[in-house]
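Enquirer: According to TrEMBL, the record shows the following:
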REGION    B:1-27  region 'Disordered'
COMPBIAS  B:16-27  compositional bias 'Basic residues'
TRANSMEM  B:36-60  transmembrane segment
DOMAIN    B:93-306  domain 'ABC transmembrane type-1'
TRANSMEM  B:98-118  transmembrane segment
TRANSMEM  B:130-148  transmembrane segment
TRANSMEM  B:178-202  transmembrane segment
TRANSMEM  B:223-242  transmembrane segment
TRANSMEM  B:289-309  transmembrane segment
């Protein structure tokens with residue numbers, strides 16, 4: 001039978017194709033060498049297409065200086081980043097250099113996934129207190145890329161159009177903030193809403209610090225129910241006085257990205273974000289934006305604002321090329337040429353030398369942020385340590401109970417108790 | 001993966017009668033061998049991609065597994081926690097049950113109604129069929145999340161229409177009392193698949209039945225009740241079973257409309273979304289695996305009940 005041979009070869013071919021595709025899928029593990037004998041270094045990060053292009057450019061620079069190393073960027077959008085990363089780690093296929101945020105740091109560091117970079121990367125030009133946020137139990141697992149501060153963003157033009165005046169942000173209170181927001185809403189005839197609500201834990205952290213409470217105390221929450229309730233009361237007052245949209249619209253806006261925020265669509269005068277979002281908000285709205293100090297609680301001695309690394313570079317504990325991984329991180333952090341490409345994409349550069357070198361090249365919004373951070377520097381609280389593992393879920397937990405209160409489905413007393421219980425359970429492990 | 005599996009038989013035994021004798025046995029054996037070889041890639045896939053992970057997840061459901069560390073055996077802990085200490089588990093089950101119980105009958109009724117209209121022999125039927133099928137293709141895409149906010153948002157299309165008649169509607173997607181209904185509508189809107197199946201079923205019913213009934217003086221309603229529905233029950237049953245299973249596993253709708261949180265205030269927290277959050281946000285993959293098995297048991301149980309109940313209402317022409 002003549003087709004017999006054909007059949008056999010077809011079947012063999014099919015199996016071979018499957019084997020090849022399977023081999024491609026599994027990649028070449030943690031420590032590979034490419035065909036031409038170069039060391040292959042895998043670097044994972046998240047972000048936009050623009051960041052990917054920029055990062056590829058930096059990688060090329062690094063490879064030009066280190067011809068024996070071939071860096072392969074593994075890039076995904078933020079929503080699926082941790083999902084992909086945890087799966088790779090679980091499969092024993094962790095990238096050599098891993099980008100991580102402060103929320104995820106201890107999830108990974110506490111579980112033995114990350115290598116101690118102490119003495120392997122030059123950190124002389126990084127502010128010591130900022131650097132400490134990447135250390136857990138005395139081990140420097142993570143090197144901060146750059147810093148941000150959670151701040152109040154304002155559109156001064158819209159504010160003045162509604163007949164209100166810019167506040168003196170060195171001494172304004174939460175009550176004044178609520179009043180101002182509702183004045184903007186009424187003054188503009190409903191065209192502009194004063195502010196939009198935020199359930200970012202950083203916001204509550206600042207508010208709590210003004211009352212002398214830390215957000216985390218070891219593996220427990222340091223917040224009292226009174227503080228949480230007082231914080232919710234601000235937002236309830238904002239809704240009541242129409243300084244912010246009602247609970248349903250707030251929940252709707254809260255589920256969208258910064259581009260669709262009230263501020264970005266020129267339908268609101270205030271909003272709270274990490275300072276590196278100033279550029280995005282300015283660009284989306286096409287109008288002039290400024291950063292302001294957060295309002296203070298009555299009698300507060302500290303403004304509670306703080307610097308936090310935008311992200312960290314870490315190295316896998318299982319990497320077969322630990323030295324090369326450290327070298328790459330060092331390049332990303334300290335090399336002015338790398339800095340000149342990255343600019344403020346990963347926060348305002350943590351290295352003071354790099355920052356000085358690229359300062360003139362920064363886009364306008366970042367210069368504004370930098371000036372703002374310089375201005376408030378002396379008032380800032382120490383950067384808080386990385387939150388305990390389990391804190392990745394904190395924003396979800398806080399948002400959920402906050403919404404229950406805003407919709408009146410739970411009393412603030414009840415919700416504060418339940419929030420503390422659930423949050424503690426989440427971070428206890 | 002499993003849906004595309006096709007039964008393959010050695011060609012000679014299936015198509016030609018056996019001639020007997022030594023030579024042909026040898027030949028059919030050789031062909032059988034070839035067939036198995038062709039099957040091998042699929043079989044390897046089944047083993048590695050489907051059966052392996054199924055057993056792995058069964059094992060993991062009895063462990064404390066963070067994905068980043070080795071799994072640690074904890075016995076029935078995950079299952080016990082679920083029903084005794086986790087109010088979110090129960091609320092996700094409740095949300096999903098409401099979603100299934102409301103959306104499946106609505107969707108099937110809608111699909112049947114449209115199938116009946118299309119079956120009347122409209123001109124350009126293929127065009128309409130394609131248009132009505134379109135939502136089923138789009139239902140899970142990210143663009144729909146944005147569309148749904150534009151339609152059901154506080155300043156969305158629905159509220160703009162309501163404003164014309166003087167009603168100020170709430171922000172539907174942002175309100176815990178209404179958010180789930182918008183997802184139910186989204187599900188009903190993706191009625192294309194059952195509609196196509198209904199349409200095929202309707203074509204199977206002999207026209208002569210209707211003609212005979214018309215001669216006996218039966219009106220359209222009577223015809224529908226006494227001919228269409230009984231003869232269509234196997235199709236209705238098929239769609240019902242399929243849609244119940246599918247909607248219990250719904251994930252995308254809630255994930256994209258609530259941007260992955262199940263919010264506002266957990267009102268759209270589908271079972272599978274909670275499973276995902278547990279596994280990938282709380283690093284509790286053991287618990288997530290246990291949830292997956294509970295879901296399997298629930299769906300298997302419901303499907304069994306469905307099959308048992310079908311004896312009383314599904315009419316197969318050849319049995320009675």
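Backbone N, Cα and C atoms are what each Cβ position is placed from, and that goes for glycine too.
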Enquirer: Would you confirm whether the transmembrane segment (B:223-242) and the transmembrane segment (B:98-118) meet the contact rule of 3 or more C-beta pairs below 8 angstroms, pairs 6 or more apart in sequence?
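Expert: Per Cβ check, the transmembrane segment (B:223-242) touches the transmembrane segment (B:98-118).
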Enquirer: For the transmembrane segment (B:98-118), I need the partner stretch with the highest count of C-beta pairs below 8 angstroms, choosing only from B:36-60, B:130-148, B:178-202, B:289-309.
Expert: B:178-202
Enquirer: Quick one: do the transmembrane segment (B:130-148) and the transmembrane segment (B:36-60) reach 3+ CB pairs under 8 Å, ignoring pairs fewer than 6 apart in sequence?
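Expert: Not in contact, no.
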Enquirer: Would you kindly list the residues that approach the transmembrane segment (B:289-309) from elsewhere in its chain, counting only those six or more residues past its ends and only Cβ-Cβ distances under 8 Å?
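Expert: Here the qualifying positions are 57-58, 60-63, 65, 78-79, 82, 89, 237, 240-241, 244-245, 248-249, 271-272, 274-275, 278-279.
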